[in-house]
């Protein structure tokens, strides 16, 4: 599991940062990539990575400001032109379907795959399959903005092979039945319960990705015990009043939330173009004074999220 940042800037593309987009790469786990936001030129950024557009089968849109969605029509068209045929699901605020379909209709773009739209109607569970569960909650921005909490389901415990060998239970297909937790009758007549030979489940990982927001209690709920918290940092520590007036956050506010939520790492993004060079480093060092595992991410940074 990895996060790859395709755009880390705020508002408009800059010389050093493109507008917002981050990929959650689940290639080893489920051979797919999820995209969070798709700002202008996201498809150009993808060309500079090893991400294959056809592997992206889910896109989560935090809110409908242009720096988070203007790249969608182009990406969707290119995915089709490059042979993408698998269905793609777009999750987002009410209006995302209208934006996408209007763009495709007016440009007379034809796609080779089906798009499924899930417009967010309420907070809570947004998506669930056998591997993951995604919760969504509303944030505090000038328009509807959301945060997403991706929870990987727990991994089954390992088969306790040494314990089986101690009881002279021979290896073979029977181990597969035992690992499934089944009750098994051995050739010698012994009956064993597979549950007794399975270790404790390994907790799944949690990734929290937030849209633009002022501080709100929902952030801590989404970020609780997260292995990675992706939080906007449009402003620095001296600009709290500006952040509030413009419905954004500072690096210090993000760091305090990460600490309160017991997150493992804080990844600061949505960085204003005013913060370059030393000023960008200062954003990070100020955040680290409160939450030591803070990082101001740059375009194309890749963050590994190992199992606990």
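If you go along the chain as it appears here, the first residue is 1 and each next one adds 1.
The backbone N, Cα and C atoms fix where each Cβ goes, and this holds for glycine too.
For the Zn(2+) 1 site, Swiss-Prot gives 63, 65, 141; the one candidate out of 196, 212, 225 that the record lists there too is 212. Among 155, 270, the residue that Swiss-Prot places alongside 67, 68, 212 at the Zn(2+) 2 binding site is 270.
Cβ contacts within 10 Å of residue 68 (Zn(2+) 2 binding site), excluding its own Cβ and spanning all protein chains shown: 26. Each of the recorded positions 67, 212 was scored by the other Cβ atoms within 10 Å of its Cβ; the lowest score goes to 67. Secondary structure at residue 65 (Zn(2+) 1 binding site), as computed by DSSP, is coil. According to DSSP, residue 141 (Zn(2+) 1 binding site) sits in a coil region rather than a helix or strand. Here the binding-site residues are 63, 65, 141, 270, and the one ringed by the most other CB atoms within 10 angstroms is 270.
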